[in-house]
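Peer 1: Sharing a structure with you now.
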Amino acid sequence: MEGSWRSRSSSSSTTGVLVLLLLMVVMQRGEGQLAEDFYSKTCPNLESIVKQVVSTKVSQTFTTIPATLRLFFHDCFVEGCDGSVLITSPNGDAEKDSEDNLSLAGDGFDTVFKAKQAVEASCPATVSCADILALAARDVVVLAGGPSFNVELGRLDGLISKASRVHGNLPEPTFNLDQLNSNFGKNGLSQIDMIALSGAHTLGFSHCNRFANRIYSFSSSSPVDPSLDLEYAKQLMEACPRNVDPRIAIDMDPVTPRAFDNVYYQNLVAGKGLFTSDEVLFSDPASQPTVNDFARNAGDFNGAFATAMRKLGRVGVKTGKEGEIRIDCTAFNS
């Protein structure tokens, strides 16, 4: 075998080297294609343009903050961070049309669309909708008092957006710890990442039907989930009586609903986690130490959240023929 390898021509050897180099380039263009300075030459004012639009939108309505952050999560967990959740289908069968995404607030979409228009005016056909969403998600966190972090850029917009591919990819409010770890793990996120990203529930709201089982039909022996603080359970019942208007929603953080802080974890310790998937982070011994740490130390939470957001932003990045730079975030270029 050694002799036959040595007898190959120099041209074959050169071809082999070139193929190897090409493979290395291709392999590196997944997460590796992302860079904080990706648009430094092609759209140097990108971040300031997006930040200005986001700031204006937030000044008009606070809902912009949780809506944009949630939109980023829902985008990345289905097909990867590729802007596919932004697509509008004339047949009503795009990602945004799935049952799991019907509750996504319009202010999140509007924020991205307005930012894209502003970016197009300065840098036409240059920046993907996926990158604009990633920047906007960071900006709303900062505007709510959360940590700032550098966003890696260079994503392409995906070419697939189907409602049928959403179910089973997003975490459910009834998940236990194993289910949460499995759901986040398939996206390359650790348990600590998952607990940190769950801290986004310090902002935003939920419709009553998403947690009604915890206060009215938890089990045959206990209609109310025993892990819920009794006073909090009463507050939930008052806000969400039986047969309540399905449009009614309540704050996920009953203490500081408009601030990005670590009070979410303090709420879990106090039995005031809104979803089963929230409270289980404290009730399960495997995750409780992390919750206690985040509840006591805002710095630990902020650092873990920033790290997890950067990791989340690398999920399913599209390259080459897998994606495009959409001119209109709601429609494929073709």
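Here the Cβ of each residue, glycine as well, is placed from N, Cα and C on the backbone.
Quick paste of what TrEMBL says about this protein:
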SIGNAL    1-32  signal peptide
DISULFID  C43-C123  disulfide bond
SITE      R70  site 'Transition state stabilizer'
ACT_SITE  H74  active site, proton acceptor
BINDING   D75, V78, G80, D82, S84, E95  Ca(2+) 1 binding site
DISULFID  C76-C81  disulfide bond
DISULFID  C129-C329  disulfide bond
BINDING   H201  heme b binding site
BINDING   T202, D253, T256, D261  Ca(2+) 2 binding site
DISULFID  C208-C240  disulfide bond
Peer 1: Could you measure between C43 (disulfide bond) and D75 (Ca(2+) 1 binding site) for me? Cα positions, answer in whole angstrom.
Peer 2: 24
Peer 1: Ten-angstrom check, please: count other Cβ atoms within 10 Å of the Cβ of V78 (Ca(2+) 1 binding site), all chains counted.
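Peer 2: Other Cβ atoms within 10 Å of V78 (Ca(2+) 1 binding site): 28.
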Peer 1: Between V78 (Ca(2+) 1 binding site) and R70 (site 'Transition state stabilizer'), what C-alpha distance do you get in Å?
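Peer 2: Answer for this pair: 13 Å between alpha carbons.
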Peer 1: Using the Cβ centroid of D75, V78, G80, D82, S84, E95 as the reference point for the Ca(2+) 1 site, which residues of the same chain not in that list have Cβ within 8 Å?
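Peer 2: After dropping the recorded site residues, what remains is H74, C76, F77, E79, C81, G83, V85, G158, S161, G316.
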Peer 1: How many Å separate the Cα atoms of C329 (disulfide bond) and S84 (Ca(2+) 1 binding site)?
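Peer 2: Between the Cα atoms of C329 (disulfide bond) and S84 (Ca(2+) 1 binding site), the distance comes to 9 Å.
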Peer 1: Taking the center of the Cβ atoms of T202, D253, T256, D261 at the recorded Ca(2+) 2 site, which other residues in this chain have a Cβ no more than 8 Å from that point?
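Peer 2: Going along the sequence, the neighbours appear as L203, V255, P257, R258, A259, F260, N262, V263, Y264, N267.
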Peer 1: Out of the recorded positions C123, T202, D253, T256, D261, give me the one sitting nearest to D75 (Ca(2+) 1 binding site) by CA distance.
Peer 2: T202
Peer 1: Taking the Cα of E95 (Ca(2+) 1 binding site) as the centre, which of the recorded positions listed as C76, D253, T256 lie within 10 Å of it?
Peer 2: none
